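> First the structure, then my questions, so here it is.
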Amino acid sequence: MNELIIRQPDDWHVHLRDGDMLAVAAPFTARQCARAIVMPNLVPPVARVDEALAYRDRILAAVPADTGFEPLMTLYLTEQTTVDELARAAENPFIHAVKLYPAGATTNSDRGVRDPLAIDHLLAELARSGLPLLVHGEVVDPKVDIFDREARFIERVLTPIRERFPTLRIVMEHITTEDAATFVQAQDGQVGATITAHHLLYNRNAMLVGGIRPHYYCLPVLKRERHREALVAAATSGDPRFFMGTDSAPHTQHAKESACGCAGAFTAYAALELYAEAFDQVGKLDRLEAFTSVHGPNFYRLPLNEHRIRLIRRAQPVPEYYDVGDAERLIPLRAGEVLNWQAIRL
Ligand SMILES: NC(=O)N[C@@H](CC(=O)O)C(=O)O
Ligand SMILES: [Zn+2]
Ligand SMILES: [Zn+2]
């Protein structure tokens, strides 16, 4: 297959940032995606409804108006979050989910929750309202190896939360292991999961063989090949619990190429091209549209998009960088290499 036309996708997990970076990153997402679940891990975090609405306005001002792009806002759960605020969020048409970051688990998570098993009053409110809980699913216990943090989170945190709140709707974000794929497959329709393009395309060798490659460093960290294969099998299976979420997470070149580099890969410039490549590698392009454009809206109870995108098998070079403001650069994943597909909005 050298060409296909699919419904326009949505990105169910993206970091658009703020300020100069927002101006660079948001138009890429808006060009390909009709909607996106926008992560709230700004500094300070987007923790209240009024903050989310103000951020939404900044996003709309940063994207070309003719894209019709719709940012779907989320709130960052902190230890100060109140039940009342979550009830207000559930009633607000612009807020679509609440994000749980275990404190210290990832970029800008220090205002997150230290003990996710100690916020039952908040989870009970989400279960009541039906507002989905999105989770960064890694434990932060220093004794747990970084490659095992997702698997331990499922046992120690997610399983007890599921038992306590069986009607709570949960999205396990950016899953990276066979353990997570198997867990999600065993749940009912209350649980979904996003999978990034980079976790479908790469294992940890891409980050560590022949030199340390900081642009492949993200959290949860890339795993061994067995896990990548399990993610590809889940994404291409047609199972409605799995959907597209790029976790495109732009940082400046300085922040990435450093003695202590930030976690996050910038993929939004070619999200669909990268997913198409991953599905094509296993001969499953016929399953791409369901994953990118159908399962997510169904989980979030939103209508399917009506615009279409044409994907053509055509080599295109990836820029070395994008300018951010006057003095900084953003290095895309695969900078200076080639994409095998091209996406054109119809
Ligand atoms: N995925 C990442 O490696 N980084 C994300 C945070 C996150 O999604 O965990 C970021 O905000 O940079
Ligand atoms: Zn995360
Ligand atoms: Zn993320």
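In case you wondered, yes, glycine gets a Cβ from its N, Cα and C as well.
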> Which one of Asp188, Asp239, Asp247, Asp280 goes with His13, His15, Lys99 at the Zn(2+) 1 site, as TrEMBL has it?
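Record check against TrEMBL: Zn(2+) 1 site with His13, His15, Lys99, extra candidate from Asp188, Asp239, Asp247, Asp280 is Asp247.
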> Report the candidate from His121, His136 that shares the Zn(2+) 2 site with Lys99, His174, as recorded in TrEMBL.
His136
> Where Asn41 (substrate binding site) and His15 (Zn(2+) 1 binding site) are concerned, what is their Cα separation in Å, rounded?
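Answer for this pair: 8 Å between alpha carbons.
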> Please identify, from the binding-site residues Leu16, Leu219, Ala263, the residue with the sparsest Cβ neighbourhood, meaning fewest other Cβ atoms within 10 angstroms.
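Taking Leu16, Leu219, Ala263 as the binding-site residues, the minimal 10 Å Cβ count falls on Ala263.
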> Can you give me the residues near the recorded Zn(2+) 1 site, meaning same chain, not His13, His15, Lys99, Asp247 themselves, Cβ no more than 8 Å from the center of the site's Cβ atoms?
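Neighbours found: Val14, Ile37, Met39, Asn41, Leu134, Glu173, His174, Thr194, Gly245, Ala249.
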> Test of understanding: give the count of other CB atoms lying within 10 angstroms of the CB of His13 (Zn(2+) 1 binding site).
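The answer is 28.
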> Other than Lys99, His136, His174 themselves, what residues in this chain have Cβ atoms within 8 Å of the centroid of the Zn(2+) 2 site's Cβ atoms?
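Neighbours found: His13, Met39, Leu100, Tyr101, Thr106, Leu134, Val135, Gly137, Glu173, Asp247.
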> Would you mind reading off the Cα separation of His15 (Zn(2+) 1 binding site) from Asp247 (active site), to the nearest angstrom?
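With distance taken Cα to Cα, Asp247 (active site) is 7 Å from His15 (Zn(2+) 1 binding site).
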